[in-house]
Each structure stands twice: as C-alpha cells, then as structure tokens.
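Participant: Dumping the structure here so I can ask a few things about it.
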Amino acid sequence: MTEHVQVGGLQVAKVLFDFVNNEAIPGTGITADQFWAGADKVIHDLAPKNKALLAKRDDFQARIDTWHQTHAGQAHDPVAYKAFLQDIGYLLPEAADFQASTQNVDDEIARMAGPQLVVPVMNARFALNASNARWGSLYDALYGTDAISEADGAEKGKGYNKVRGDKVIAFARAFLDEAAPLSAGSHVDSTGYKIADGKLIVSLKGGSNSGLRDDAQLIGFQGPAAQPIAILLKHNGLHFEIQIDASTPVGQTDAAGVKDVLMEAALTTIMDCEDSVAAVDADDKVVIYRNWLGLMKGDLAEEVAKGGKTFTRTMNPDRVYTGVDGQDVTLHGRSLLFVRNVGHLMTIDAILDKAGNEVPEGILDGLLTSLAAIHSLNGNSSRKNSRTGSVYIVKPKMHGPEEAAFTNELFGRIEDVLNLPRNTLKVGIMDEERRTTVNLKACIKAASERVVFINTGFLDRTGDEIHTSMEAGAMVRKAAMKTEKWIGAYENWNVDIGLSTGLQGRAQIGKGMWAMPDLMAAMLEQKIAHPLAGANTAWVPSPTAAALHALHYHKVDVFARQAELAKRERASVDDILTIPLAKNTDWSEEEIRNELDNNAQGILGYVVRWIDQGVGCSKVPDINDVGLMEDRATLRISSQHIANWLRHGVVTQDQVMESLKRMAPVVDRQNAGDALYRPLAPDFDSNIAFQAAVELVIEGTKQPNGYTEPVLHRKRREFKAKNGL
C-alpha cells in the first residue's frame with residue numbers, strides 16, 4: 001500500500017509530499033502550506049465537475065448507441081442522424097464569430113513554422129535529446145538514414161564511406177541553393193566562404209566570387225570574419241548554419257571545407273505526461289514531475305553510455321554569433337517546451353480527497369507541472385524556457401466546449417494558488433475527439449485568451465470515430481481509414497477553423513505524427529503535405545526526423561500558404577459526420593485474417609512492454625517487421641477496430657483469441673534481443689500483459705470512449721504488486 005500523509009482534507013502519498021516540499025517548492029516564493037491548502041480547495045471544488053463531465057460523455061455514448069440500435073438493418077440516414085445529434089446537444093449551434101486574444105506567446109509558437117517533437121518526459125535521456133533537438137545535423141540525418149539511398153556503393157558501412165558522404169554533400173549543396181541562393185553561380189561550386197563588410201562572400205570554382213541574392217539572409221557568423229567556422233543564415237523564419245572545418249573527415253573532402261549544415265529543427269517539443277508514458281501510481285508520477293522540474297530549472301542531467309564511454313548529457317546553452325553589425329546575436333539553443341498533462345478521464349491514488357476517493361489525475365498534473373514551471377518563470381533557471389512569461393500545457397482528449405471551459409477554469413484556479421498572473425498558463429487543444437472536432441470553434445472560444453495550439457491527432461481521433469459509431473455497423477479496414485471522407489474533412493476543418501478564429505500569429509495549427517522512424521526517405525517525400533495543408537508545425541518521432549522535416553518548411557512558406565487557404569470554402573461538418581462504415585463486409589478469409597493478425601500483433605507488442613516494463617512509447621515491429629511508433633493512441637485504434645468487427649460478426653471471439661495466441665510467439669521473437677523481456681507464450685492464462693490485451697479487445701465496446709487507460713493502469717498495478725515493484 002502507498003504510504004499517505006494527511007494535509008488538510010487531503011491524503012498525499014509520502015513520496016509526492018516529500019518531492020513537492022523538498023524539491024519543487026523551494027525557490028518558487030510559495031510556501032508548502034499555501035500550496036497544499038490551495039490544492040485542497042481546487043481538488044474539492046473541481047473534482048465533482050470533472051466527474052459530471054465524464055458522466056455526460058457516457059450519456060451521449062449511450063444515446064448514440066441506442067439510436068444506431070433502433071435503426072439497425074436500415075440504410076444510414078445522414079440527415080436524420082445529424083438532426084438527432086443536434087437534438088441531444090452533441091452537435092451544438094455554431095459559436096458566434098470571434099478572434100482568439102492570447103497574449104505573451106513565444107515566437108516559436110506564434111510566428112515560426114517548424115517541426116515538433118513529442119517525447120515521454122518520464123525518460124530523462126529522451127527528454128534531454130528532445131530539448132537539444134532545436135538544432136540538428138543535416139549531414140548526420142542524411143548519412144545515417146534511408147534518406148540517402150545505399151545504391152551504387154553508397155552503403156552506410158562501419159567506417160566513413162566517401163561515396164555516401166559525397167551524396168550527402170550534394171544533397172546539402174542543393175538545399176543551400178534552394179534556401180540561400182547566390183546572386184550568381186551555385187553553392188555546388190563553392191570553394192570558400194567568408195564575411196566582408198557585413199556580407200557573405202562565396203568563392204567559386206574558376207576564381208570568381210559571388211554573394212547571396214538576398215543579403216538580409218545573413219544573420220551572423222562564428223570565428224574570424226575572414227575564416228569563419230560557422231555562417232548563420234535565415235530563410236522562411238528558420239535558421240541554418242554552414243559549419244566549416246577542413247580538418248574533419250568530411251571537411252577535408254569538401255572543396256570549401258564545409259563539414260556540416262546545422263538545421264534549426266525542433267522549434268517546440270511536447271514533454272509528455274500522457275499517451276507515451278506508463279505512470280500508474282505516485283512513484284511513477286514523481287519520476288515525471290522530477291524530470292519536468294529539472295527541465296524547468298535547467299539542471300536535468302543524465303549519464304549516457306555511448307561507444308564504450310560514459311558522459312553526462314545536459315541541456316544545451318544558447319547559441320551566440322557575431323552579427324553583421326558586429327554585435328552579438330543570441331539564439332535559443334533549445335526547443336521551446338510544452339508539457340502535455342493527462343486528460344479528464346483517469347483518477348490516481350497519489351492523492352486521496354476527504355472522502356478517500358482518488359483525485360482526478362488531470363487536476364494533479366495541472367497543479368504539479370505549473371508549480372515546477374515557476375522556476376523557469378522567475379529566473380531560477382539556467383536554461384530559461386519561455387521568454388514571454390508563459391507556461392505551455394497541452395490538454396488532450398477533451399470532448400466538446402464544456403470540457404475546454406473546464407480546463408480554462410482549472411488553469412485559472414491553479415494560477416490563483418500559485419500567484420501567477422491571469423492567463424500565464426496557456427493551453428494547447430488536441431482536436432482528437434469527435435465532439436471536439438464538430439464543435440471546434442466553440443472549444444477555442446472557451447479558451448480564447450489561453451489557446452496557443454490546436455492539433456489534429458488523427459490516431460486517437462480514429463479510435464473515437466470507431467467507438468462513437470460502434471453500433472452503426474462494421475468499419476472499413478484500418479488502413480482504409482486514411483482515405484475515408486471524414487478524415488480529410490476533419491484535417492481541413494481544423495485548419496479552416498483555426499485560421500478563421502485568428503490563430504495565425506498567435507498559435508500553432510498542428511498536424512500529426514510520422515509513425516515510421518526508420519522510413520525517412522518516405523517521410524521526406526510525404527510529410528511536406530503537412531505544411532502544404534497549412535500546418536505551422538507537425539509531429540516527428542526523433543531529433544533526426546526533426547532535422548529532415550525542417551527541410552519542408554524551407555520549401556513551403558506556411559504563413560503565405562495559410563493566407564491562401566483562408567480564402568477557400570470551409571470543410572463540411574456533414575463530411576466529418578460521415579461514418580466510415582464498410583460498404584460491404586464480404587472480405588476474404590485471408591483479408592480478415594491479415595487484418596486481425598496485424599491488429600493483434602500491434603496490440604501485444606505494445607501492451608507487453610507497457611505492463612511488464614512500464615514503457616509507454618515503443619517502436620514496435622508490425623506484422624511485416626516495419627518499426628512503428630506505438631503509443632496509447634495506436635492501441636486505442638487497434639483494440640477498437642477488433643472490438644467493432646467482433647461486435648458485428650465479421651470475426652468471432654474464437655478467431656480473435658486464436659490470432660492473439662498465434663501472434664504472441666511472433667512478438668516474443670521480435671523481442672528476443674531484450675534482456676528484460678518476459679515472453680507472452682505459452683502460459684497465456686497467467687500472463688498479465690496477455691490478459692490485458694484480451695480484455696482491451698473482448699471488452700472493447702465497454703471501455704469509456706474506447707480508451708485503454710483503465711485496463712492498462714489496473715493491469716500494470718497488478719503486475720507491479722505481483723513482482724514487488
């Protein structure tokens with residue numbers, strides 16, 4: 001049992017109580033008594049409201065289920081269906097026009113466009129890597145991934161392969177010609193770079209000199225002007241740096257001694273307390289809060305072993321250059337950090353209220369992550385985050401404007417507890433639940449003074465799409481979802497509503513994750529679709545991917561693109577409400593088996609590491625051994641998809657169990673190299689992870705909105721108790 005300490009009307013887990021009093025509070029200007037008294041009141045005032053909002057979710061779902069059951073066997077009538085959703089208050093009248101009025105937003109969010117990382121803050125090494133991914137090597141990203149083909153002798157190999165290196169150099173020179181064109185000639189022919197009279201002078205083959213077509217692109221340099229070691233350029237609001245050192249293995253093969261091009265990459269990072277972590281008790285939550293506190297204080301550090309050597313990884317300092325006018329130019333050396341709190345659903349026993357009930361985890365996250373952020377706000381930090389005095393909190397999985405209003409109220413109450421000016425706490429609204437999508441304008445309006453971000457989370461959104469219409473019939477195959485009418489309308493609608501409510505220049509309009517971290521050539525080809533769609537940020541799975549995705553923001557001027565898109569006809573709510581039902585369900589046995597196996601294998605591969613190792617975000621090989629980033633959102637889709645096919649007789653429970661049991665040894669084989677791994681097969685009945693997977697699928701229709709957290713949390717706690725963790 002967790003040891004608790006009585007504080008006013010709260011029982012606080014001792015590990016959390018000690019962390020707050022001894023680590024988080026000192027230096028904030030707030031006393032422990034103040035904090036706990038304020039937390040007590042916030043929890044007891046707002047927990048009942050939180051509970052009522054969850055009851056409303058269940059009521060809507062029950063009504064929608066009944067409507068579909070009543071109309072079973074009939075052709076779906078979209079007009080009657082929409083009228084029904086309006087009658088019950090699910091689809092609300094459109095909010096009156098307004099403009100968001102958020103103040104004190106950092107440029108990285110309001111006025112720049114670039115990649116966004118999402119990482120589990122529970123893992124200090126990942127958190128530090130992401131924080132430092134504001135700047136990334138283009139050469140490393142190209143050389144070390146499939147972005148550069150291994151054909152024609154360009155294999156990666158163990159040592160440096162000059163053939164491959166030359167391909168990387170050629171790619172980078174082409175980028176320079178595109179992003180910083182010369183007034184005459186090409187970077188391809190450059191033999192030297194220097195600064196003279198505040199301008200870039202480029203020596204070319206043949207002896208001639210050239211300069212930038214637009215001299216304003218030169219921002220600064222490092223080293224002597226006549227022999228700079230770095231040249232800082234700017235294009236589409238993003239910086240990049242030509243690094244020069246002819247003594248390096250790469251530089252000595254380059255005519256101009258260029259050793260790398262450093263990209264300004266992950267402008268922002270979401271430090272995640274939610275879908276990518278496995279945190280089920282006070283001990284887990286303190287790990288999260290301690291890492292976030294370290295990021296806010298600027299002193300997070302981690303011992304890292306690499307190549308037989310151990311070193312301490314810390315947060316990078318700012319970058320300093322000599323400007324063209326001779327004055328110092330200082331650029332942020334780190335990604336601007338958001339923190340993603342959990343949503344409104346779960347409760348946790350890290351704190352118990354006066355009646356002995358677990359408190360809403362989202363309220364706890366809000367209080368603790370905001371408390372930690374004071375250290376960055378008040379100058380205690382050696383690595384300041386926001387330069388405008390804001391704290392950026394992403395709030396996921398909200399259903400409709402009442403829930404957005406509740407978050408707005410919660411943030412106001414937290415500001416009062418922490419003596420923060422009103423609207424210090426900013427909100428990122430995840431548009432990943434159907435009731436938020438169709439009422440998005442009203443959701444933004446409910447937080448119009450705090451909103452700094454809307455983002456389409458198509459993975460969770462697909463899970464909610466399936467669960468909401470669970471009773472309507474069998475859904476299309478999972479891979480076909482991406483081409484269904486609702487999803488394109490949903491993606492466009494988010495941009496349309498964001499632009500019409502004045503988010504440009506104040507907030508990010510974001511797009512979802514590239515889930516295949518090993519397939520960078522495909523990402524380079526495809527993910528340009530996100531800036532073209534009007535998104536000034538989109539999610540990437542790694543610092544390497546951030547450096548490559550940054551190239552897309554040099555190809556697309558997102559703010560100009562948004563101005564074009566603002567003139568188009570708005571996406572249709574009717575299209576968004578189009579249920580992705582299969583037109584016919586006469587799939588072959590092989591097609592059904594493949595669908596089932598693919599889902600089952602992904603579920604098992606993710607759940608086994610969640611339950612057994614407490615790992616909330618994994619690169620899980622799919623059925624074709626392609627590594628996919630899996631988190632709770634992908635688990636929600638896969639489990640709900642099987643549950644839907646089971647509900648409508650496309651598959652039987654016996655088929656589902658047979659697939660799970662057949663896929664378990666496949667997952668075991670894929671994890672054979674992990675010393676900490678515990679096999680799923682053959683003792684299925686006593687394997688907690690396997691039983692969790694079974695429950696998620698077989699009982700999938702009963703999970704609240706199709707969420708996986710209730711089962712995962714219960715089973716992880718069972719595993720920890722059984723194994724003395």
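Using the three backbone atoms N, Cα and C, a Cβ is placed for every residue, glycine included.
Relevant sequence annotations retrieved from Swiss-Prot are reproduced here:
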ACT_SITE  Arg340  active site, proton acceptor
ACT_SITE  Asp631  active site, proton donor
BINDING   Val118, Arg125, Phe126, Ser276, Arg313, Pro541  acetyl-CoA binding site
BINDING   Arg340, Glu432, Gly457, Phe458, Leu459, Asp460  glyoxylate binding site
BINDING   Glu432, Asp460  Mg(2+) binding site
MOD_RES   Cys617  cysteine sulfenic acid (-SOH)
Participant: Taking the residues Arg340, Glu432, Gly457, Phe458, Leu459, Asp460 listed for glyoxylate, what is the greatest CA to CA distance in Å, to the nearest whole number?
Facilitator: 17
Participant: Out of Phe126, Ser276, Gly457, Phe458, point to the one nearest Cys617 (cysteine sulfenic acid (-SOH)) in space (Cα versus Cα); all of them are binding-site residues in the record.
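Facilitator: Nearest candidate: Ser276.
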Participant: Counting across all protein chains present, how many other Cβ atoms fall within 10 Å of the Cβ of Phe126 (acetyl-CoA binding site)?
Facilitator: 21
Participant: Hey, what's the widest CA-to-CA gap across Val118, Arg125, Phe126, Ser276, Arg313, Pro541, the acetyl-CoA contacts in the record, in Å?
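Facilitator: Between the most distant Cα atoms of the acetyl-CoA site, 22 Å.
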Participant: Residues with Cβ closer than 8 Å to the Cβ of Val118 (acetyl-CoA binding site), same chain and 6+ apart in sequence?
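Facilitator: Expected: Thr269, Ile270, Asp272, Ser276, Arg340, Met513, Trp539.
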Participant: What three-state class does DSSP give Gly457 (glyoxylate binding site)?
Facilitator: coil
Participant: Give me the CA-CA distance between Gly457 (glyoxylate binding site) and Asp631 (active site, proton donor), in Å, as a whole number.
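Facilitator: Roughly 12 Å, rounded to the nearest whole number.
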Participant: Across all the protein chains here, work out how many other Cβ atoms are within 10 Å of the Cβ of Arg125 (acetyl-CoA binding site).
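Facilitator: By my count, 13.
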Participant: For Leu459 (glyoxylate binding site), which of the recorded positions Arg125, Phe126, Pro541, Asp631 has the nearest Cα in space?
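Facilitator: Going through Arg125, Phe126, Pro541, Asp631 one by one, the Cα closest to that of Leu459 (glyoxylate binding site) is Asp631.
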Participant: Taking only the Cα atoms, work out how far Asp460 (glyoxylate binding site) lies from Arg313 (acetyl-CoA binding site), in Å, as a whole number.
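Facilitator: It is 33 Å, counting Cα to Cα.
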Participant: Say you check the Cα of Phe126 (acetyl-CoA binding site) against those of the recorded positions Glu432, Phe458, Asp631; which is nearest?
Facilitator: Asp631
Participant: Only counting partners 6 or more residues apart, tell me which same-chain residues put their Cβ under 8 Å from the Cβ of Glu432 (glyoxylate binding site).
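Facilitator: Correct list: Pro396, Lys397, Asn455, Thr456, Gly457, Phe458, Leu459, Asp460, Arg461, Asp464, Ala633.
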Participant: When DSSP is mapped onto helix/strand/coil, what comes out for Arg313 (acetyl-CoA binding site)?
Facilitator: strand
Participant: At the level of the C-alpha atoms, what whole-angstrom distance separates Arg125 (acetyl-CoA binding site) and Asp631 (active site, proton donor)?
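Facilitator: Roughly 18 Å, rounded to the nearest whole number.
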Participant: Can you name the residues of this chain that are 6 or more positions from Arg313 (acetyl-CoA binding site) yet have a C-beta less than 8 Å from its C-beta?
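Facilitator: The list for Arg313 (acetyl-CoA binding site) reads Arg125, Leu128, Asn129, Asn132, Ala301, Glu302, Glu303, Val304, given in order along the sequence.
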